[in-house]
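Copied over from TrEMBL:
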- 21-303: domain 'UvrD-like helicase ATP-binding' (DOMAIN)
- 42, 43, 44, 45, 46, 47, 48, 49: ATP binding site (BINDING)
- 272-571: domain 'UvrD-like helicase C-terminal' (DOMAIN)
């Protein structure tokens, strides 16, 4: 037993148990090869890999030289699976080997080169991608490189870097060096090839400066071809040879030529990696070597195939989740024996969320996820960043709400409110930041913070202090990371959750894998860059935008459904498989790879001697490869395979199934099953078949169905409602969360039905929105939907506008305003400069308007507070951007607008905001001077200000100066009518009920989904 906890512990008990050895007594129609060169082929599921494993085991038992037996695969994942089975087969024998018997081709190439060069390291695709992007960024900024002028704007773009990397890999796989690329570019008029050759030369020089020879996987193979093997193997077995690149094929051919027994397995119908340089030609001919062919024939997998076409994307997600849940609960199929296969990695996340929501644990292939994008890793990296650089307010918020901070949004909001009361002269977020980074003891907050809020403060300080102590003592990257991780206490918690299994267990399992991968990266970084600091490590991780391969330490397969791409499913086998999202435009994906660099032209030239000037269409080849990829996905199942797609022709977006589904139905003679989420939408299909209503067999969906049945008297019978009530009572008795009706919001009473206390004031800027829809205006403001980047930009321009009015020199005001804007611009460099120019033009138009205005008006005040009682129940409170006075003494209001939308001349005359300002000033008086100037309610018997009019100033519009929209002086009768119009508005903002009004504004309303006058916001009982 590994660990035993007392009865009070929540940590699961773990026991050591002997490994269950599976019987592998397979029989074959032909004897296993013992000498010579053999090619083994057969359909997917015919047993090619099993035949190769049996051949290897027989040879290992037969040979006295254990070191002379070698099994090669195209990937380390395949090698790991095969190694596990072979080790199990040889566990009860005397067979002993000093080194790995099963390895990938790249692993063997690394070992061969390592014997020649000790300082050798494999660079991952993510690391190489980051280096390439850094070099290209330098080229873009300094104008370096021999890139064609028309492509220079694209140098900083991620897509350009990816295509360049792919192009260089294809060139290296075909034995081309930098000089040869330049020669080919000059010979065939391909300037981009020559530029890529120059870049490759620079890249290799930069890699040489690191002090360690760092090769990509493609470079490893190319270099290994130029050095002696150092030894030979009498038995060489190769699996999935159709996936080998030309260089890898040459490397394997060298091994086979020195072997007594060579066996090469594969299937041309599973050749799906040509887009990344694989060539099936070697497996087709074995390089011209004389060989014998063994064809294992038909597949031994005969799964039942079905097709489901969903009416909506949501229905498809539900259908997939339901199929997996029913297989697990009704047929007792283990989650680990099921898989969901999608075409591309971009489709993984929506399926992951849907499956977890339905209670299906999910296991992802680590190579499908960028390490720094995993939440726990991002939080750890943010914690490390805080040790050497100040974090922004947003970053502190992310850190506190993440795994490191361990808080929740509600507690954080309460903490910020408390800190605002404790220190009202500072922003609460800045106060929180100062408290966290301070080394001093926390002050006495009195009663403004609760114990829970104080606990949150203490936790984040303790975690960061532990890491900071090691960092200040010049600890290594690994030591600092360990101090941070250990202080969180998450290791034990996540381990316990992972051991319990289920959806939360699979999530915890994924988090632990991510943390282990981060520690691996830290260890590798420390080894290769002994002088590299923490900042360099964090930056290197954040710069990686490709998935990173991880070391697999698992002793057992997690009990979770594998969610992977079709390419990631190669070589895998499951009992049940769902091939999901088989949509037109998604599958087949016929886009050309490396079009900028003419990658396919280079491959055709080197492999087939086709002149790049010769037009060649590869559309048919790409279609056939996509068809083979679909075939691979379908043949992963041994018992049952479900193919799903969305067939939505009536929605705003037309979504159609792939042509592959029609081909599959014709080939197998099956008819697609239509699925929907609503009984009302279960209309008959073209063939008269009714659609099946999906009811996901999960706790939450089942409880929701019972609640809908119980509450919907219109669509359910009395018998159904009684039955639903009985089942809910059973769930309550069993302690199922949220089953108790007392916890349902429909059965609870509001905490109060009293209006919000306080003075009912109106802001001029909100009156128009309140007149259109009080509910939308109140909720958007309360929920923070009115906080956006345009509003931040507006605040900056208003600050510039105010600075001009307070006498700050224009050049100085412009300099500080531009500096602030540049600090918040979040866009690629080429876009950022254009945005800065547009922003500077706004400032210029605003300044020109200011200069023109000064000729006719005198500035009375800037950002003048207004608080005026205009009627018994109407109080206007706001702030005027600028108040002017003309020679007659009348006062004018100016409101600066920074948005793109501009009112027409006629609309401005009736603008509610300007009218509210006129109304307030007509009932108010000016008091105070300078910064204390404000407008307050006129005292009894005193007339209000003489208002001459108001104006809207649009800084984004105008050829020279900002465009102005004037509102003339409003007469007393007009203001009285306006007062009556706005008088009910204060009562519509204080609750407890909010009025919703439909109109054109609904098209862009942020709370449409909550609105009772919209379909999205209505209560749903059925479906």
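For all residues, glycine too, the Cβ spot is worked out from N, Cα and C.
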DSSP three-state assignment for residue 49 (ATP binding site): helix
Surrounding CB atoms that lie within 10 Å of the CB of residue 43 (ATP binding site), all protein chains: 19
Distant-in-sequence Cβ neighbours of residue 49 (ATP binding site), under 8 Å, six or more positions away: 82, 239, 240, 265, 571
Around the Cβ of residue 47 (ATP binding site), the count of other Cβ atoms that are within 10 Å: 20
Cβ contacts of residue 46 (ATP binding site) (under 8 Å, same chain, 6 or more positions away): 296, 297, 298, 299, 300
Cβ-based neighbourhood (8 Å from the centroid) of the ATP site, residues 42, 43, 44, 45, 46, 47, 48, 49 excluded: 267, 296, 299, 300
Cβ-Cβ neighbours of residue 48 (ATP binding site) (radius 10 Å): 22
Averaged pLDDT score, the domain 'UvrD-like helicase ATP-binding' (21-303): 84
Cβ atoms near residue 45 (ATP binding site) (within 10 Å, other residues, all chains): 19
